[in-house]
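Listed in Swiss-Prot:
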- 239-241: disulfide bond (DISULFID)
- 272-275: disulfide bond (DISULFID)
């Protein structure tokens, strides 16, 4: 089944609820970057959060949202991009990190990411300069960190859940998440009731493994109150890199540097950090890039 994000309004449109099945998306990220369990969980959670933030905060097809997380844990930096059309991409600085399970028998994402560091979200909506909101990490588990970001940087009371189940062979069994946002008009009693529902909710990975859909997860969060479902959005890992794009960057290099690639290496090769795609440039390709300056 293809990945998607479901969304809905609840409580007289006082709340927005999003839920995502991102299993195939995170599987593709794991395959492309050959991530091990702790790195997979950290990158997967960040990709899911990025998809949810993009679905809730971007309006136009060309808008872009970028998440950068740098903690003091062994996975290093996490960088992800998301769009309003349901595509995400990203990478983790150190893909080969395995750690002992934490005290509750789960992948120790907090230790992998680190509890000291920063989470930054940049929105580029094509008007003016991109806007960046930044907060310190509060737990390293990431769901709590994104909840804190929404409260402090965007002034949105929210609850975020992120979950990736990694098999013993490092493959991804399921991945997904949810985001509850309070809208203008929401009162404290309503928020407290929904937060109570969230606190008793099993991990999203457990719900997905049991066969629940994103719509059913949303209903579990809403409780007995009716919900108004909005259009579902397909979700997938996709990168907009290309040989032409990297060629444009290489064309800005000094002639001497390009000539050195020709004379010493007989060409050049570059790898996209976000997706792992490799692009080869022959001598003829490099000569064509040099000719742009003439």
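Positions of Cβ are set from backbone N, Cα and C atoms, glycine also.
Counted within 10 Å of its Cβ, the other Cβ atoms near residue 272 (disulfide bond) come to 18, all protein chains included. Under the DSSP three-state reduction, residue 241 (disulfide bond) is assigned to coil, being neither helix nor strand.
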